[in-house]
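As structure tokens, the structure follows; a few thoughts come after it.
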Amino acid sequence: MSQTFGGPPHHKSNGTARSRHPVGTSLPRIFAVDMHEVDSNKFRDSREAGFSWYILFTTLIVSLSAATVGWAIGIANSSKPIIFLMHTKAGLPHMLGDSEFPYRIPFSESMWSVATGVLSVGGVLGAACSGTIANCIGRRNALTINNGFFFAGAVLMGTATTSIHFIFGRFVLGIGCGIASCVANMYIGEIAPIWWRGFFGSFFQFALLLGILCAQLAAMFIADGMQWRIIVAVPGALALVQVILLPFRVESPSYLVKSHHITEARHALLTLRRGFDVAAEWQDILAMLDTSDIEHCTSSCLTDSHAYSHASHSAAAAATTAITAKSHANKNKDNARLSATSSAGCSANTNGAITIPVNSNSALGKCDSDATMKDSSKQATKQTPASTTGADSTLTFADSVPQRIQPAFAKHTASIMQMIRGRTREDLRHLVVCSAVLMALQQLSGITSVLFCAKSVATVIFEPSDVLSIAGACIFVCIPAIPAVVFSKVCADRWGRRPLLLCSLGLMSICNILTSAGLFYGPDCMVMVAVFVCYFAFNIGIGPVPWYYMTECVPSYALSAAMAIGCSLNWALAIAVDLLIPIIENVLPQWLFVFFGGFTLLGFLFVLLFVPETMGRPIAHTVMLHEGMPHFVFRSREASRSTGDFVELQTK
């Protein structure tokens with residue numbers, strides 16, 4: 001007997017139900033819909049899954065981390081008249097009052113710059129170690145424990161009595177921000193349906209913007225007495241909410257399989273894809289694991305199936321009898337097929353599906369929920385159980401698993417140095433470079449200059465002494481970001497990632513030049529309009545897309561290290577830009593936006609030439625198309641290597 005996985009969709013003769021397999025083949029199906037006794041052929045492939053309320057609520061809970069990051073950024077990065085900790089009010093002494101906590105903490109210009117930038121320093125440290133933490137304890141648990149940094153940082157800042165005390169609290173909060181920026185996007189990317197990854201992935205940027213905007217509003221209207229301590233303590237409240245809600249969400253199935261928790265992974269995938277057949281998606285998860293992970297998972301699957309078979313003995317016996325009768329009727333044909341597939345290990349049928357030889361007893365005689373896992377790969381030294389007819393067939397791990405997932409690299413995770421040298425299972429250098437450059441362009445695009453220089457832009461139109469008008473202008477600049485991210489969420493899974501990135505970077509290049517021209521020659525209204533459009537364009541593409549792009553093109557065994565590289569680079573460049581902007585603003589203020597406009601233009605060319613499209617593609621497909629050294633991405637290259645080539649390559 002042989003089992004078929006991954007073929008194109010087929011329609012039944014009545015045209016009422018879709019199936020991934022031809023009519024007439026009685027195939028075991030794993031995880032059809034929960035554990036109900038139903039005809040799983042009536043359910044669609046989970047890779048075609050659509051919107052899910054469960055995933056939406058999970059994403060919203062995870063996005064509380066992004067809101068915390070945005071709140072931490074918005075409190076410090078508002079214009080200086082809004083930052084209530086910067087200076088004491090005129091005539092207001094540094095009082096203790098009746099409390100041991102002062103109403104104001106005096107900051108010098110240099111000390112406030114340190115307090116602002118230390119968040120990014122903590123972010124670099126947190127992002128650098130986030131991959132290791134996520135691999136050790138899981139994505140969900142990492143986010144839960146990371147709330148300890150948020151809570152500790154909020155308490156330290158809320159109880160600060162000196163500037164050093166406050167700065168240390170910002171540093172601790174920054175560590176949590178770095179971990180959250182990495183792990184939250186990994187978690188969302190691994191649970192989102194393939195055709196909704198853009199929609200759910202954009203929630204991180206959406207929550208980040210809401211956090212920034214709300215923090216600026218709070219800093220604008222709540223600035224008297226001890227109320228500022230409540231504002232800086234808000235991250236602690238958000239952390240408590242997430243700690244309460246997040247444990248009720250499932251862990252990432254990819255992580256659970258990788259950590260050899262097969263039963264938990266099965267139930268997690270069922271919960272996330274309720275109403276869909278997840279057999280093919282399970283194969284995709286296995287294909288993105290390293291060799292040692294697959295061997296261990298196979299052993300666990302076999303153990304689970306033997307344990308479950310005692311509970312379903314009668315059904316298994318009936319299924320085995322049916323298969324045995326069919327195998328006797330086609331004995332010569334089956335023997336010839338078994339001989340051919342034993343030498344090839346895994347081949348492709350006429351429909352482009354993956355055909356894996358299995359023993360007739362293991363095909364349906366065991367637990368249906370474990371059949372596909374069992375057939376996807378077998379442990380190297382184990383033999384399949386003998387069939388009831390006495391016909392034995394021995395399949396090793398090397399026979400049943402495509403050689404594509406049998407390299408000499410047997411480590412569970414890829415290190416950063418392995419990826420840099422191209423010594424991972426697949427050469428991921430092109431994809432990692434593209435993802436890292438996109439993360440870098442978030443900072444080099446000049447969006448930080450818009451936020452930091454909001455006061456300068458506002459004073460072009462408003463009187464410098466009009467604090468409320470300047471503060472309102474700073475907040476008003478951020479308002480276009482909300483509809484921009486909503487637009488990106490709607491279009492990301494319709495148009496693709498490349499069009500959004502090209503549109504975003506192209507508009508930002510034009511707006512940066514117009515802003516600089518307005519500062520040189522006027523009119524003043526052109527400066528404000530250009531800043532609005534620039535911030536809108538940023539949040540269409542280069543703002544939200546890089547956060548989830550890496551999860552769409554890097555396999556799970558290398559994702560943690562790749563995310564650590566990208567997020568660390570993002571936070572490190574934030575420090576560099578924070579230091580560079582004041583220098584350029586003091587020396588050549590009109591040329592500041594020209595400087596960043598050059599980076600956005602280079603980013604536009606880079607995306608056009610190098611960044612591949614990932615919309616609607618399995619990760620393995622993207623890796624197959626674009627592994628190797630950095631290379632130009634041409635449309636003909638992607639068109640010439642279709643999904644059929646991807647399936648064929650898997651079987652080699």
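Backbone N, Cα and C define each Cβ position, glycine as well.
Taken from TrEMBL, the feature region 'Disordered' applies to 1-23 (among others).
Summarising the annotation, TrEMBL assigns compositional bias 'Basic residues' to 9-21.
The annotation transmembrane segment is assigned in TrEMBL to 51-76 (among others). Counting residues 6+ beyond its ends, the transmembrane segment (51-76) has Cβ neighbours under 8 Å at 83, 115-116, 119, 143, 146-147, 150, 153, 170, 173-174, 176-177, 180-181, 184, 187-188, 191-193, 196, 199-200, 203-216, 218-219, 231-232, 234-235, 238-239, 241-242, 245-246, 249-250, 271-274 in the same chain.
The annotation transmembrane segment is assigned in TrEMBL to 111-137 (among others).
Residues or ranges marked as transmembrane segment by TrEMBL: 149-167 (among others).
The annotation transmembrane segment is assigned in TrEMBL to 173-196 (among others). Same-chain neighbours of the transmembrane segment (173-196): 46-52, 55, 58-59, 62-63, 65-66, 68-69, 72, 118-131, 133-134, 139-140, 142-143, 146-150, 153-154, 156-157, 203-204, 235, 250, 252-255, 272-273, 493, 547-548, 550-552, 556, 559-560, 563-564, 567-568, 570-571, 616-618, counting only residues six or more beyond its ends whose CB sits under 8 Å from a CB of the stretch.
Remote same-chain partners of the transmembrane segment (203-222), defined as residues 6 or more beyond its termini with a Cβ less than 8 Å from a stretch Cβ, comprise 59-60, 62-64, 66-75, 77-78, 82-84, 181, 184-185, 188, 228, 230-231, 234, 468, 471-472, 474-475, 478-479, 481-482, 485-486, 488-489, 539, 543-544, 547-548. Among the features that TrEMBL reports, transmembrane segment is placed at 203-222 (among others).
Sequence-distant neighbours of the transmembrane segment (228-248) (same chain, 6+ residues past either end, Cβ-Cβ under 8 Å): 61-62, 64-65, 67-68, 71-72, 75, 84-85, 101, 140, 143-144, 147-148, 150-151, 153-155, 157-159, 169, 173, 176, 215, 218-219, 222. TrEMBL lists 228-248 (among others) with the feature transmembrane segment.
Residues annotated as region 'Disordered' in TrEMBL: 369-394 (among others).
What TrEMBL records for 378-394 is compositional bias 'Polar residues'.
According to TrEMBL, the transmembrane segment annotation covers 428-447 (among others). Beyond the transmembrane segment (428-447), the same-chain residues lying 6 or more positions past its ends with a Cβ under 8 Å from any Cβ of the stretch are 414, 419-420, 422, 501, 505, 508, 512, 534-535, 538, 542-543, 545-546, 549-550, 553-555, 558, 562, 565-567, 569-570, 573-574, 576-577, 592-593, 595-597, 599-600, 603, 606-607, 610-612, 622-623, 626-631.
Residues or ranges marked as transmembrane segment by TrEMBL: 467-487 (among others).
As annotated by TrEMBL, transmembrane segment applies to 499-521 (among others).
Outside the transmembrane segment (527-549) by six or more residues, the chain places 181, 185, 188-189, 192, 197-198, 200-202, 204-206, 209, 434-435, 438-439, 441-442, 445-447, 450, 457, 460-461, 473, 477-478, 480-481, 483-485, 487-489, 492, 497, 500-505, 507-508, 511-512, 514-515, 518-519, 566, 570, 603, 614 with a CB less than 8 A from a CB of the stretch. Annotated transmembrane segment per TrEMBL: 527-549 (among others), in sequence order.
The annotation transmembrane segment is assigned in TrEMBL to 561-584 (among others).
Taken from TrEMBL, the feature transmembrane segment covers 590-611 (among others).
Long-range neighbours of the transmembrane segment (499-521) within the same chain, counting only residues 6 or more positions beyond its ends whose Cβ lies under 8 Å from a Cβ of the stretch, are 438, 441, 445-446, 460, 488, 491-492, 527, 530-531, 533-534, 536-538, 540-543, 545, 589-594, 596-597, 600-601, 603-604, 607-608, 611.
Outside the transmembrane segment (149-167), and at least 6 residues removed from its termini, the chain residues within Cβ reach (under 8 Å) are 65, 68, 72, 85, 100-102, 105-107, 111, 114-115, 118, 126, 173-176, 179-180, 229-230, 232-240.
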